[in-house]
Structures are given as structure tokens and as C-alpha cells.
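Okay, structure first, notes after.
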């Protein structure tokens, strides 16, 4: 059965495209969250054993950073493969490497079992995962958008952007259940369960992507044609860097909401609010649900009024809200922190929701997957990768959480200015349709 009919995708085709696109980005953000949690909680006692518990946890988190920093290289490599040999080929490869790495992390022997080989294998798997992760979200977005009817590209693009809240929700749920066990059991075997769940997601994703046809826009080009490895840098550097700038502030905002707010709320005074962990996690999960709903709404709106109006409203709203978010959180109750996170995630969805569709329309078919992947990953590393550490340091130096709000606002101002310099891309606004 063809994926697309003359008037667009059949219902079965839409479901298959959505599953094929969304399952990879969901696994990407799921693994991102479970690895960070495991590295902070238990990896120092399993893989990086030393006399200093803090140092063990620090090294565990450093391996997390290594994989994160490799994502732009993965975007370049797998983006080039997708632009030259096809979206399906690239996506199958990234997903198998990413999913297999997650699964293998869950069965690695500990340091006590095989010595120094254990952390070395973990680092190697983390590096492989980082490379594959770099190529996943750009490929998933391009797959969905190139299969979409022109007037529904925004909505189809939400299949990939929804992976962020869904993956983080699943990760929070998985570790919340694991942490109900005694800590001794968590260290002995419980930490492996969230990673092994990745094996099920791997099987589901491979099945879903096998049934998807190559995208019509790529088929219209000559398969296997010459595509220079750094073509997007040479031919469209300005647009690439501006697009990366849009994601810089967006990612800083999302990382503060998803990771830093949890540590800030639960850390002892004066570095935090000393609140119990469980209600804060519940508030974060409610925020992620609101984020998911907003993403779909924003993508739907972007098909009708254009990508930029929706994203600009999200950027302005998030920028203004950043200046008051910590005033709400600093009321110092779980309800106040939960409300601060929920509002932040809800507003942020208007900027994040249409982003990958917008990226896909910014770049030509010949270099689209490279452009989307690199723009996203460069902005993600520069904006999100260091945001929690910078926020933590700002509070330590200034003694006030308000400084973090100004830091987020500055990043979002960069996003807004870059967005204003880029063109509108939605068919409804560029060709007068609708």
C-alpha cells in the first residue's frame, strides 16, 4: 500500500509515518534522560569506583557529556548519508546503532566483575550512541515532513518534536518505578531495567521503519548523486548558523526546565529550596504532558498562520516568562515549583513545536538532512549542553536565582533575533495558499 495517496497520506500511512518518525526521537530523549539519571545516582558505584563518591559521580556525568558533544559530528555524518543515499537508509542505521548501544549498556558487567574494561566499554558505547543520536532527530523530521502534504507539514513535523516530552516522560516513569526498590537492589540490578526497555523500543522502531517508503522528494532526485561532505557549510553557512542560533536559547530554556529545576528544587539551602523529590518529579511530568499538547497545537497553527508567527510568539512569551519563573518557584513550595515548570513547558512548546518543520523547509532537498541535523545539534550543544552547569554557577556566585532567569532571557533573545533574520517557509504564507 502506498504511503501517500494523491490527496495526502491515508490514515494507516499517517500512523506508520508517525510511528517511524516518533519512535526514534522518543528513544533519543528517553536514553538521554535515563543515562543522566543513572550517571548521577549509581554509575559512580558501578563503573567508576573510587574512594571519593563525588568523583565517581563526576566521571559518570563526564561520560554523559562526551556522548553529547559528539552529536554534531553524528549530524554531519548521518546527514550526509541521508542526503546522498536516502532518508530510510540513514534512519535505519542511526536507530539500530542508537538502540543497540542503549541495550548493551544495560547488560554491561560492572567494574568489580571485569575491572577497567567495564568503564571503557561504557564510554565506547556512549560515544557510538552520541554519534547515532546526532543523526536521528534531523532524519526523523525530514522523513515526516517530506512525506507530508504541503499544507500539513507542521502537523507531520510534530511526530518528531513530540519525542522530547514523550521520551522524558517515559524515562521519569521508568526510574520512578525503579527507585521504589531498596537502593541496594537498584545498584545490584534495578538500574539496568530502563536500559533494557530500550531493546523493546529498538524492535518496534526497526519494524516501523521497514514499512516506510523512501520520501517522494528524495526519490525525485538522482539517488547516489555526488553530495560533497561539507556542502551545507560551503553553500548555506549563514542560514545554518542562524538556524542553530534559534535552537540555542530554546534548548537552554528546555534544559533548565527539564533538569536544573529538579536539582534546584531538591538541593539543600542556600543552593536550593530543599523540597522533597517526589512532588517535584510529578510536577515535571505534568509539565511535560502540557508541553506535548502545546506542541501539537503549535504545529497545527503553524500550518495555518505560518511558522514564524507561532515561533516568535513562543520566543517572546518564554523570554518574558523567564524573568518571573524563579520568582514563582522561590515561593518555596512544591506547588509553586510545579506551577513554574508547567507554565514554562507550556509556553516553550510554541517555539519548539514547529522548529523541525521550519528547519526542513529552510534547506534544499539536496542538503536538507545535513542542514536540519547540524542546525539542531550545534544549537543544542551550545545552548543546552552547558545550561544547567551555568545556572548552578550563577546561583553560587550571585546568591540569587533571578540571575538564572536573566541568563535564560538572554539566550532566548539570541533565538528571537536569529529567527527574525530568517525567512518564512510555510506554504500558506509563501505562496498564498489558504
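Heads up, residue numbers simply count up from 1 along the chain you see.
Placed from the backbone N, Cα and C atoms, the Cβ positions cover glycine too.
These figures come from a predicted structure and were not determined experimentally.
The following features are taken from TrEMBL:
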- 17-426: domain 'Major facilitator superfamily (MFS) profile' (DOMAIN)
- 32-51: transmembrane segment (TRANSMEM)
- 58-82: transmembrane segment (TRANSMEM)
- 102-125: transmembrane segment (TRANSMEM)
- 159-183: transmembrane segment (TRANSMEM)
- 189-208: transmembrane segment (TRANSMEM)
- 240-260: transmembrane segment (TRANSMEM)
- 280-301: transmembrane segment (TRANSMEM)
- 310-329: transmembrane segment (TRANSMEM)
- 335-359: transmembrane segment (TRANSMEM)
- 371-391: transmembrane segment (TRANSMEM)
- 403-422: transmembrane segment (TRANSMEM)
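Below 8 angstroms of C-beta separation, residues 239, 242-243, 245-250, 252-253, 256, 260, 308, 311-312, 315-316, 318-319, 322-327, 351, 362, 383, 387, 390-391, 394-395, 397 of the same chain, each at least six residues beyond the ends of the transmembrane segment (403-422), sit close to that stretch.
Between the transmembrane segment (159-183) and the transmembrane segment (371-391), fewer than three CB pairs separated by 6 or more residues in sequence fall under 8 Å, so the two stretches do not touch. Between the transmembrane segment (280-301) and the transmembrane segment (58-82), fewer than three CB pairs separated by 6 or more residues in sequence fall under 8 Å, so the two stretches do not touch.
Comparison of 58-82, 102-125, 189-208, 310-329, 371-391 by number of C-beta pairs under 8 angstroms to the transmembrane segment (335-359) places 310-329 first. In the predicted model, the domain 'Major facilitator superfamily (MFS) profile' (17-426) shows an average pLDDT of 89. Through the fold, the transmembrane segment (310-329) approaches residues 246, 249-250, 253, 261, 264-265, 273, 298, 301-302, 336-337, 339-341, 343-344, 347-355, 358, 401-402, 404-406, 408-409, 412-413, 415-416, 419-420 of its own chain, all at least 6 residues removed from its boundaries and within a Cβ separation under 8 Å. Only residues 6 or more beyond the boundaries of the transmembrane segment (371-391), in the same chain, are considered here, and those with a CB under 8 A from a CB of the stretch are 65, 68-69, 71-72, 74-76, 78-79, 134-135, 137-139, 141-142, 232, 236, 239-241, 243-252, 254-256, 259-260, 263-264, 355-356, 359-360, 362-363, 404, 407, 411.
Residues 27, 31, 35, 43, 46-49, 59, 63, 66, 192-196, 198-199, 202 of the same chain lie 6 or more positions beyond the ends of the transmembrane segment (102-125) yet place their CB under 8 Å from a CB of it.
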